[in-house]
């Protein structure tokens, strides 16, 4: 059923209801009595809801509980005459009826709705794509009792503690064969005991938005189903999320609002209640208007007028996470009501339009980086904006005030041309703002009792109104006229359609073409009476030139426009000569042209590519926006021909080729000088910097990036979802150096880490060796070209291809330069509205870390979060890499099945299903260390304070898992020790209980052995042979194999069920092997204890001391071996040389007389074998040489005692003292060295994606967008010293002489002819009105 259309062009649906009146609202300064309130509430209220996709509309007309629910399909019709209509969409009414059930009505009566109702809210979802098509409908009631309770307990409770007295019903709109019916949503949680503003979000919509975005958070396959919905209820106390799947409620989240909103809520409520106790209605109404204004699509904006908060926060209600913060300025002075500004989000999620109350401006922000792109200063009074939204594929911004409106063609108009015009031409109701529902590029409003829909077509009305006074006298040159014209003649046609000879300078229009027959101009036209403006069309380019000077003699020529249609099509920029010759056949085919004074409209096609047609319009000064875009693409095209300059034999043609390139550059420079903001916008839309990179415009890129005013804003994902600017620059080390320096410097200069949002992903690639194989192209035989292909190829490659090893070394140096840049320690914390998780280090030399909780905090959060003291904030720094530790893909692993636990027992370790590109940039960075066994990057990480803070955070998240691993190993160790002790002590096992304990111990040991073996095998499979090149992993393996073999041998050979180990035979060798196994297990336990920072630090100190004195220890042991060997030579066989030791004698006395003398045996000779001799020398103080009665040995004893005991041992102590001091200073390296291995291993596990202890306390998965640290000078001072030195070192780049200097260019010299033509036309109109005749020489035509 199609909708009727009114004469005004609106699509109108008649709503057949009785007594439909406007919704009653109270002004904050007006108080109505109770009777009047109740009578007003008896009038019907009307509520609209549009599905997120914009294809379905629900209208709820309610009077008490008698209401009508009307549904409409929204369809797009392309058959309409755009010049007369205001919408391509039509509302198709669906015939169906629906009433509340008795139970729902009774529930409502219990809530006393008639007395306490404030308002209703309605939401409808997108249609499911499963076999059973349906939509969800939510209807919510907001009750005044909430605010009344808060009023009574104003000083005792926080808004989060306000009970909710509303309710929400959820219904299913079933669609069977295009027949609609409504049924209840059956779930134990329904009806929901909370009422508020409702929003329904479809999971499939979220997934579709993420398909082409590599860095957006995505859900796993299990959640990617068409039946997944999220119901969001925004109440006075917080946000309630109901996750629905397969028509059942699977999960409920209760979240707090951002702190900014609670502060504004308290201020506004207090203000109203201080005015009068009867202002409850007004207070509650303005709070819900505040919340409703913060909601846009599935985004939630936290904004305030508080002077201390100079930023706004944007949250995604799908993920509960902060999308970004955006810097702003607030009004100074007192204000009564804290209200948010109006804003809009583009449908592609890239732009945020924000109405600044500070200067009545409309600001455009990049959502990805949080940086301001453009600011449109308007005459809009403060808080007068009533509607703002994006239209025309996110390229235009529509703004309505009380009685005016404007349309900002963001990427197609100069800022000065955007004007406010009267709203009367749209024939909108005076108060339509209160009854408007927006969706994707359209809105539905009430016009009295009728519904009207407006979409992109109203934008055409705006621009038509702006140009209504313009009159054009166009001349048309059709395709038939072109066919009659001889393109080989150098003639040009003027405005009187007369042909004259073209200036010789333009005879060769495209000197770079290889085919000489194609270089001339094909069609030429004058665009003014003075014949100074020339439109020239060649085989590949369309050019507009401006000649100044006498008819005869030298002229000052400037290129005003150049366009290469071929450059906008896929073509090989690295083309060789053969391909270039082929591409020249794709010439411009002109279909028709309309031209008049200074303007033209051109329709063309590309020969051999019939399906591609272009329309080129240069009609007014706003079309200048196209000039610079075309110039950038033209440079890219011209660069592809620069390598073929040797083909140009004529010197003049070479000079003209160079002149055209230079003139094209000047077009870009002139535009930037005049319109820097517009350049930024065009760069965002078309990624012009990437085009200049591909064109190898080093000087131009360097100039743009060196400008004082930011002319380039980083994009994480380009508008067309292709690789971003810095990824394009990655293939050219000079360009890469420009952008790395630009982004890092801007981070410091502008105090905003948004400048580094693209550098985050490039860091892992920067640290990888760049080894690309050179591809060889086959040569094709095309006439004479084949004879020079090899020569050209060698000449070209010698200039183009860089040494790959040198390039890789440069990139490693770039990483060093980057990690020592001041941006890694100078960014101060300015996020004062967030709560923080404080992580204090457990070892010396580590930084204290603060994690801002940049996601909506659950109401039942048990995590100890705190606000930072203002005195401490000045010393807190931010890591300049946002989302550096966040995976690109988020998997919700909260739901656990029984099979999951069973699988965990069988396969105790599960590696993550994430692809390599889905891991966080930090994990991808350290991954190179493990795969290539190169540790050059680790040194950068250990020293950099920001990277130290990152590792502290990552370790804090992963140590929970390793603690469990430690406990499991201890249990394994105990089981082995018990059985070993039972064997050694010959323990008799008697009784059922003892046998039961023994069997449990045996089963536990073998299961834990299996547990560890599976882990080792999976690690070997996942990491390869490189895994066991690590010494610590070898110890892991030995600690498993040896105990298992011994344990099994003992049980098989010595255990009996009757007596246990009572009759076991002890073996000296076996006991010694057990002894060794116990040592290995203890050593493994020491290694596992590295998860404790203090233990890891001490262990590293010991290792560093040993490494530091290893040379002296070697000398010391060699000295001992030498003396041991020498004494073995002397005393090994003493009886052959007449030496022997005197036996020890003992005298027993009786009184003063010796009763008798006892003689002992001859002492053992410690030097009888060489091993014993060396051991004896090591324990020198225990050797007695007096028993030998050989005086040379006495001298040797004295000398060696002095050397070994006094000198060498004290030297060791001295060395160890110095080594300890050095090791203690650098002990954090050891901690990080151990931790980084654990961090990487944990990141690869599925366990890293699940809830850990930290998440369980928080009641949600914590994702750290920002990481902060306390700047301790004792830790960071050494790094800062190196940073200052590194800052003086230049990048290894190709040195480019910068000849660009715009200081001497005046604005008038830079203006394009289309900017000056308006001045001329205005002069002519004045002359016509005043009928004053002037000579042509007195009229200011386009001048340059």
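For all residues, glycine too, the Cβ spot is worked out from N, Cα and C.
TrEMBL: automatically predicted annotations, no manual curation.
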Item checked: Of 882-903, 904-925, 926-947, 992-1013, the range TrEMBL labels transmembrane segment -> 992-1013
Notebook entry, point to check: What range among 842-865, 1034-1057, 1154-1177 does TrEMBL record as transmembrane segment?
Noted result: 1034-1057
Note to self: For the transmembrane segment (992-1013), give me same-chain residues lying six or more residues beyond its boundaries with a C-beta closer than 8 angstroms to one of its C-beta atoms, as numbers and ranges.
What the structure shows: 908, 968-969, 971-972, 975-976, 978-979, 982, 1036, 1040, 1043-1044, 1047, 1051, 1057, 1060
Notebook entry, point to check: Counting only residues 6+ away from its ends, which parts of the chain sit with a Cβ under 8 Å from the transmembrane segment (1190-1208)?
Noted result: 1116, 1119-1120, 1123, 1139, 1177, 1180-1181, 1183
Checklist line | Surrounding residues of the transmembrane segment (1112-1136) on its own chain - C-beta under 8 Å, 6+ positions past either end | finding: 1106, 1165, 1167-1170, 1173-1178, 1188, 1200, 1203-1204, 1208, 1211-1212, 1215
